[in-house]
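Have a look at the structure below before the remarks.
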Amino acid sequence: MNSLVATSRNFQRAARLLGLDSKLEKSLLIPFREIKVECTVKKDDGTFMSYVGFRVQHDNARGPMKGGIRYHPEVDTDEVNALAQLMTWKTAVVDIPYGGAKGGIGCSPGELSMRELERLTRVFTQKIHGLIGTYTDVPAPDMGTNSQTMAWILDEYSKFHGYSPGVVTGKPIGLGGSLGREAATGRGAICAAEALLAEFGKSISELTFVIQGFGNVGSWVAKLIHEKGGKVIALGDASGAIKNPNGIDIPALIMHKTAGGALRDFKGVDVMDLYELLVHECDVLIPCALGGVFNRENAADVRAKYIIEAANHPSDPEADEMQILSKRGVVILPDIYANAGGVIVSYFEWVQNIQGFMWGEDRVNMELQKYMRKAFNNVKAMCKTHDCNLRMGAFALGVNRVARTTVMRGWE
């Protein structure tokens, strides 16, 4: 099931749960605007190349639209639509005043020089600058982009509209970026995990963890688990998977990875099959990378007690509807809430830019924890009201907030 069908199915289930008017349901599902632009840039060798850029702006009922820009050779319009829609519900779940958006350029960033990437970014910004803005649509980094990409967008946008640090988030600190942003998605996932585990009288320090993905999010999740006394017994990324029943030395592994080493070459661990990683026995399984990793073929083999979805779309809705995991007592904390730490701290960055007053890292982390705790309690209350699982509780919370705001603004 592709990501757009998956997201739409969860939305429709939540809409039925809430008893939404069918016309309002259809209106909420259709994107506010879809943008497709051609970007021709001069390469370093003097030749010209054309690329296609996308921006899907899903909904602006609750505030400016918000979402990442990714550079990837297979930027798919369905995926961009799905992620834009997901951002609408996600920002509503954690109650920050945004709607959802997503964008990207179909390119291979690893095959382009820094100068070529800069030229491409500036041309893309020139094509969409009239459709983004501090109070309209606020991009952020995503797959294949980073703080430098945001700096180029800020600079190019400012040529047309004056200095506007709030037009993007995820910027370098020196250009108005927020402290704590790099760790935000991982830290938010840990806040979410702590809130869930507390409901069962458990804490991170007494549990074992398996982490799928060891990029930015996965490495921060592993680091924070280690700092809190938890035991990461297995983890993996595209280069392979490793395990140690006594716990992996996370600080040493991060140093090894930073130095360019592959996971399979790390000392003091056993190499394992990537498929085995997802079904490895543990207390908590945290997918931090690819979508669609749990489906009806492998869900029955999962041996974790809790799943914290730090990745987007790790669970296929068909597996959810069949209740393969829930029938076996596995508790799933959904992505729409669990990985919202990044957009929450992006909101903090935007607020700081508008105020012209920057926060210390301790305040950023404290406010992040407050937002994640409050959101968990609201999701839990929605689950109780509608007698549903955490995923449907989170979707119902987000959809309900957007629907109510839409009606208040005079939808009919």
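Counting starts with 1 at the first residue shown.
Even glycines carry a Cβ here, placed using N, Cα and C.
Marked as active site, proton donor by TrEMBL: K102. The substrate binding site annotation in TrEMBL covers K66, K90, S346. Annotated NAD(+) binding site per TrEMBL: T185, N216, in sequence order. Per TrEMBL, the feature site 'Important for catalysis' maps to D142.
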Shell list (substrate; ref centroid = CB of K66, K90, S346; cutoff 8 A)
G67, M87, T91, I96, Y98, G100, A140, A340, G342, V343, I344, Y347
Candidates K66, K90, K102, T185, N216, S346 (recorded positions) passing the 10 Å Cα cutoff around D142 (site 'Important for catalysis') are K102
Hey, what's the widest CA-to-CA gap across K66, K90, S346, the substrate contacts in the record, in Å?
13
Neighbour-count leader, CB within 10 A, binding-site residues: T185, N216, S346
S346
Fill in the CA-CA distance, K102 (active site, proton donor) to K66 (substrate binding site), as an integer in Å.
7
If you count, for each of the recorded positions K66, K102, D142, the other Cβ atoms lying within 10 Å of its Cβ, which residue has the minimum?
D142
Fill in the CA-CA distance, S346 (substrate binding site) to T185 (NAD(+) binding site), as an integer in Å.
10
Which residues in the same chain, at least 6 apart in sequence, have a Cβ under 8 Å from the Cβ of K90 (substrate binding site)?
G100, I336, Y337, A340, V343, G398
